[in-house]
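**Student:** Features from Swiss-Prot:
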DOMAIN    143-210  domain 'GRAM 1'
DOMAIN    283-351  domain 'GRAM 2'
DOMAIN    469-656  domain 'Rab-GAP TBC'
SITE      555  site 'Glutamine finger'
DOMAIN    822-857  domain 'EF-hand'
BINDING   835, 837, 839, 846  Ca(2+) binding site
REGION    961-1059  region 'Disordered'
COMPBIAS  967-998  compositional bias 'Low complexity'
COMPBIAS  1010-1024  compositional bias 'Polar residues'
COMPBIAS  1025-1057  compositional bias 'Low complexity'
């Protein structure tokens, strides 16, 4: 590899390098301790020094230096891992550079020319290290990474750090390498080499820890084993990168269906340290300000913002994206605001001395920022973006335009269902209504002071108002604002209407499920007892299923959406659902509910941290995880009365999942005494259900007909709990839980949850497969990992399946015989044979059952498998393999199912007499396969002779049979000789590889189908030898002769695949088996015990090399 020229004093390197070649301008050197003297003490010391100092010489012990006769300074220009590699660079220099250097007069000119040439060569290589901070050093690290770990060429190194890896109480100083798919570590200390390579998708725990021995370290759990890395200079940065890489690996490998192709990091080759940092920053920015997924953080400025309601300047950061100007305080005031750039009217620079700028908004509002370091650049950025976003398409400011939009969607409900079924009565002087008006007045005062809409200041006072309860009339507006759904709706005008038009009249599984659950959504509420509410709910759910078919429709979405429709317009409810499913509760609403399971694990962790008394009493907290599932999926709507649940939803839209976790802790804390008295889970469930029935909302203005009456509503002995008090207590006791902390816990537990699900799936699969094979449990476990890694992109809960190319690769890695010329065709035939349902995929059970025959079964079973591999498949004249009709995926009735089940049982008890006969082309292919399998064996010569004897014997037997048949009296067509007859049914779908002898196959198939010829000649022994290129003799026939009745057999009969022409010869499996049993060498070969563990170990080593 060419290197950027760097100075080196040769006199300081004489003790570590040995000169191999030299001329007037260049020196080729070898590192001491490598090559001839690598085994001595010098090799140990130099190797240790190279590892500790991160020297390139560890993996590139050869180098080329540039020198000039009049200078003592040398320049490194190339390095190599082997003498052959460095010699190529040396030869290139000799042929292209040395002759040219003689024309220069001074040494400086020579050095300048050489350096320029080397830099040009490096630029031509175009390596991916150009984006890194130190390209040359990163190029060297990439070289070490590739040489040390032998991973696929497409594997991309992201970053690397110096650290110590702890084995027991002994630290091993080395380097950790983080690539797109692997965590690697290498250390070499005084001859003790430590090398670790772990895929990210096998990491189940990743967290920062500290102990007495280790001040601070990173703990990585892989396959149940903990690994500790410490003494990292930038531990937090390293941990965040490792966390991101593990998360992306989980998403790519186990959740590919939700990993969008347009994702910025969908291509692993685009993942760099800088890309990871940018992506993490964008995610954090969007999550904090609840902005659409299209927004990316462009610029950040520190500044002071004048806050009019408190009359102070608050310190914070200005964040600018494509369409928004955001500010978040850093002084603990919890103040933040979001300004859409299309709302900006102008930008002024009133005071350059204080580096201030004023942003004027529509509606006669202004924001004054001061002490902005680069205020002129910020002003120019805002002006430029406002110029491109000045179009009114982003918001509706014209009342006429609004009327047009409403008129275009007459079918869409433009009123919240609560306003339709329970309109606000201004003359109602009920105490609850009076309190509701007081709440409205408090919010109006807040709006007047802090602003209203997207430009509102959000502060501690805003949260206080949320905790006390949101007025019914403002609930929809505030949900849209705090969830960020308002930004999505403004950015996509008319999107919901177009979705409804696109999905109108469509039918799908999601639509069927939606129809089934429509009448189960708040059935006690009048809005969903009429067509108005049911139709609106159907439209919103159907539109979302059409927008996001990867999620489609999941249970609990109907309950949540019905509550949204009560307080928001139909289009607003749609965008609220989008915000919940895609941003606020990611991975919740799919068939695996991974997001809910992750939050269950987070909840369990918080219980251990905050409710220690409960954890001491109940060591197994899985009960609370299972009970809380409905809490998270429905935001407590399914367990609380609707009038109380909406207060919880208020807090959720403001604080996210943090509010739900806090409330869950408060519920358990409130019932602590009763839970400690429970003896089993059933009692605990009863305690919690009774508590939820006692929760009320004394301030709710909803009429009694709407409120859900609990079973204990009239029970005076049960103490009532007001939802506002419960929420207030949750914020007071557990409000210190930060959103950032919850997100980190989510990431940490996501690895554990997915690996737990994967392990459960694996155990279930292995339990089923183990009943039919003779592999040990550990061997099955290793084979499962090999099988899984050949298709890591499938969702983890799906049964792993391989297509033909993947199967062939894995089959060739695991077959017990040495690689031979027929490996590819044999693997192809095995794939079609094992694909019992004809779907073009082989699952783990099918694969293991086939492998079990090759590894653990008797000589007869192995030979039978080889025999079946060489039978012709069910194929049409075009050569396309087609599935048998009975193996289709169509629905069948009970009788048909029982018939198929009986046939499967019969297939398991398959008798060798039921196997079809093998014709001449297939037999020749089988013989050649045997020759290839025997190649390289210690008894190769005797095995070859045995096959030749068996072939000759079978041919003589067939010839004698033909002669006896010819000399017998003429028979009717119904008594055609048995050589062309087939059994009535074939229990196994026969398959065959492509012919390895195209000339033979072509000449055979080109013949016209003919009856038995009286002049047929049997092939000679030379026709079947492994080196033979000729094909067996075939009969000649007259076109006027009539065909045999065998050829008139319908093509859909089971015997048709192996029907042969009457002029060809064929053998039964019994004949071949009987002949080979007389050859001890062949029997010994197939009865030889297979070292399964060795083959699996070899396959694991070679799998990565063949992965790409």
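Backbone N, Cα and C atoms are what each Cβ position is placed from, and that goes for glycine too.
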**Student:** How big is the Cα-to-Cα gap, in Å, between residue 839 (Ca(2+) binding site) and residue 555 (site 'Glutamine finger')?
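**Tutor:** Taking the Cα atoms only, residue 839 (Ca(2+) binding site) lies 30 Å from residue 555 (site 'Glutamine finger').
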**Student:** Using the CB centroid of 835, 837, 839, 846 as the Ca(2+) site centre, which other residues of the same chain sit with their CB within 8 A?
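**Tutor:** Near the Ca(2+) site, beyond 835, 837, 839, 846, sit 834, 836, 838, 840, 841, 842, 843.
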**Student:** Return the residue, from the listed binding-site residues 835, 839, with the maximum count of other C-beta atoms within 10 angstroms of its C-beta.
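**Tutor:** Per the Cβ count, the most surrounded site is 835.
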**Student:** Summarise the model's confidence over the domain 'GRAM 1' (143-210) as a mean pLDDT value.
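**Tutor:** Mean pLDDT, the domain 'GRAM 1' (143-210): 85.
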**Student:** What is the total of other Cβ atoms whose distance to the Cβ of residue 846 (Ca(2+) binding site) is within 10 Å?
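**Tutor:** Within a 10 Å radius of the Cβ of residue 846 (Ca(2+) binding site) lie 20 other Cβ atoms.
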**Student:** Express the distance between the Cα positions of residue 835 (Ca(2+) binding site) and residue 555 (site 'Glutamine finger') as a whole number of Å.
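**Tutor:** Here the two Cα atoms are 35 Å apart.
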**Student:** Please work out the number of neighbouring Cβ atoms within 10 Å of the Cβ of residue 837 (Ca(2+) binding site), leaving out its own Cβ.
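**Tutor:** I get 14 for this one.
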**Student:** I'd like the Cβ neighbour count for residue 555 (site 'Glutamine finger'), meaning other Cβ atoms within 10 Å of its Cβ, all protein chains included.
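**Tutor:** Residue 555 (site 'Glutamine finger') is surrounded by 14 other Cβ atoms within 10 Å.
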**Student:** Please report how many Å separate the Cα atom of residue 555 (site 'Glutamine finger') from that of residue 837 (Ca(2+) binding site), as a whole number.
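**Tutor:** Residue 837 (Ca(2+) binding site) has its Cα 32 Å from the Cα of residue 555 (site 'Glutamine finger').
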